[in-house]
Amino acid sequence: MNVPRETIAAIATAQGRGGVGIIRVSGPLAGKAAEAIIGRTLKPRFAHYGPFVDGTGQVLDEGIALYFPGPNSFTGEDVLELQGHGGPIVLDMLLQRCLQLGSRLARPGEFSERAFLNDKLDLAQAEAIADLIEASSAQAARNALRSLQGAFSRRVDNLTEKLISLRIYVEAAIDFPEEEIDFLADGHVLNMLDDVRAELSTVLREAGQGALLRDGMTVVIAGRPNAGKSSLLNALAGREAAIVTEIAGTTRDVLREHIHIDGMPLHVVDTAGLRDTQDQVEMIGVQRALKAIGEADRILLVVDATAPEAADPFALWPEFLEQRPDPSKVTLIRNKADLSGDPINLQTSVDGHVTISLSARSGGEGLELLREHLKACMGYEQTSESSFSARRRHLEALRHASDSLEHGRAQLTLAGAGELLAEDLRQAQQALGEITGAFSSDDLLGRIFSSFCIGK
C-alpha cells in the first residue's frame, strides 16, 4: 500500500487535566525527536525517565519516554511516546516541540490508519479500537476487545477461504468442460455452496447481535390510543418524557428517548395511537408510527388489559402486521394490570411469542421483567468467547454477500449457469473483503478513520 512518509504527532490522552498525559509521534523522524527532547539515544522498548527539553535546553516537563522502532510498533513505523504530566498547557508545549522538529499534527484516526496501511491490523480491527473506547457497557467492551484481537476478522477470513475454494471448483468446471468429473452437476459445488451459506448466516446473526450491543436497539412502543404507551415510555426513561392524559390521541408525533439498561443503549420510540382518524395532524402521526414500526429492532405492542379486545390484539390491526411481518420481534405488553387484575408475569407461547403483564403507572410493577426481557433481546450475558463487535456497514456487507450466494444458488439449480454463479461468488468475496479492508475505496477509509479520536 502507499504508506505516507511524513512524521505525525498528537496528544493521545483525553482533553482536560489528568495525572498523566501522552504525546505520540510516528514516522521516520520519531528517533530524531526522541534524541532532541530527551538528549540521548533511547534503547528500544525500554522506559527512560528524565527531563523533556525545548530547543534551548529549557526543561518543559519530566516523565517517561518510550521508543519503538518500526516495524515492531503499533503503526509499523518508528514510534515515540512521551508520558508526562496531564496538564493541557504542558502537553501543548511538548506537542509544539515535536512539530518544530519536523512532525505535523496528526488527523483524527491517522495512527490507526497507518497501522492498517502497514498491515498491522485489518479494517475491522481498526474500527474495534474506536468501539472499545466508546463502549457503553462491559459487554460491548468485551466484544470490541475480541474484535480487536481478530475474532470477527477470523470468521470473515474463514468464509473468504471457503469462497475461494468454491470458486476454484466452479472455474475449473467452466474452463475444462471436457473433463470426466462435472463438479456443477454431481452436487459437490452445491454442497459446498450450502455450507458457506449456512456459515455466513450464522456470522450475520452474530454480527447483528454485536451491532445491537454497540449501537443500541431501537424499541418502538406501538398500540391503540390510550393503551398507556406514553406511561410506559416515562417508566422506562425514569422521567416525564411524554405528556400523559386520559384523552385518547394525546401523542400525535413520534417521541424519541435514549436510555440505558445496565449500560446497554436503547433508543425508545413512543408513537401515536394506531386508529382510523379524520384529523389531519393525527393522520400524519399514525403514518409516522407505521414507518417507525417498519424500522424497529423490537416492538412493544401495548394493549389495555381492561379492554375486551385485549384477548386477541394481533387480530385488530392488519396494518400493523403488514409493517412488521416478523412476529418474533414483537413483544405483547398487557398494560394496566393493576386495574385488570392480571398477575404480573412474563409468558412465552408455544410459537415463541412473549407476553408481559405489567402496570406502567402503578409503581412500575412488572417493569423489571420488561427490562430483563429487552436485555435478553440484545444478547446481554448471552455472548460466548467467540462473540464480537460489529457495525452497520459490516451487516450491509454480509447481507450483500448472502444475497449474492442466494442468487448464485438459484442460477445453478434452475439454469445450471456456472458462469453466473462464478460472478455471484466473486461479488460475495468482494463484499466480505470490504469488512477487513481487502477491498476498500479511499472514500470509505477516509470516513472510517475520520471518526476516530485524534491521537488514535
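Including glycine, each Cβ sits where the backbone N, Cα and C put it.
Taken straight from Swiss-Prot:
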- R24, E81, K120, K456: (6S)-5-formyl-5,6,7,8-tetrahydrofolate binding site (BINDING)
- 226-231, 245-251, 270-273, 335-338, 359-361: GTP binding site (BINDING)
- N226, T245, I247, T250: K(+) binding site (BINDING)
- S230, T251: Mg(2+) binding site (BINDING)
- 216-379: domain 'TrmE-type G' (DOMAIN)
Per-region confidence, the domain 'TrmE-type G' (216-379) (mean pLDDT, whole number): 75
Its Cβ having more other Cβ atoms within 10 Å than any other among the binding-site residues R24, K120, K229, K336, the winner is K229
Taking all protein chains shown into account, the Cβ-based neighbour count within 10 Å for E81 ((6S)-5-formyl-5,6,7,8-tetrahydrofolate binding site) is 21
Need the DSSP three-state call for K120 ((6S)-5-formyl-5,6,7,8-tetrahydrofolate binding site) to compare against my parser. coil
Should one count Cβ atoms within 10 Å of each candidate's Cβ, the binding-site residues N226, S359 would be headed by S359
Between the C-alpha atoms of S359 (GTP binding site) and S230 (Mg(2+) binding site), the distance in angstrom, to the nearest integer, is 12
K336 (GTP binding site), DSSP three-state class -> coil
Per DSSP (helix/strand/coil reduction), S230 (Mg(2+) binding site) sits in helix
Expressed to the nearest Å, what is the distance separating R24 ((6S)-5-formyl-5,6,7,8-tetrahydrofolate binding site) and N226 (GTP binding site) at their Cα atoms? 58
Test of understanding: give the count of other CB atoms lying within 10 angstroms of the CB of S230 (Mg(2+) binding site). 24
